[in-house]
């Protein structure tokens, strides 16, 4: 497994776990306004980081699916995409020359900017009388707009991964000379 994929999956898991824990423990902590605002900001932040890490994971998957050759070997490193597919450990094919800093900046950093801006503009919007989360008013736009955009990216990239896998599977079908096969037999 490529290093970028390992980092993306580990951070996705970490982000989902933290989101679940903060939601379970903090959603009804409405006694103190400051704690409720902090929980609301954390929920907003962890929701966005979970979506960003899902997008990063599916993007690394797409890049690896595109750079695999038909026989399963890694294509020669002529593009920046091929470094995503390099394997680590014994039997390493190539060394990844791209740093992992970009993954972490997108996965954790972009959410800090979005939530920081939203929290600075509307801090009372993260406190509700019954639960600690962003209010379903016009203040919900800082969650809805990035989440919708990221989900569209995830959906289109996932469709590209499925298409690439289907094309690779169809191109691997081998028949002996003089034989006929149906599409069902090729599966």
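Glycine is no exception: its Cβ is also placed from the backbone N, Cα and C atoms.
Just so you know, TrEMBL annotations never went through curation; they're auto-generated.
Note that the structure is predicted; figures quoted are calculated from it, not measured.
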TrEMBL feature transmembrane segment, matched against 103-123, 166-186, maps to 103-123
State, in range form, which of 12-30, 103-123, 143-162 has the highest count of Cβ pairs under 8 Å to the transmembrane segment (42-61).
143-162
Tertiary contacts of the transmembrane segment (143-162) (same chain, 6+ residues out, Cβ under 8 Å)
44, 47-48, 51-52, 54-55, 58-59, 61-62, 65, 114, 134
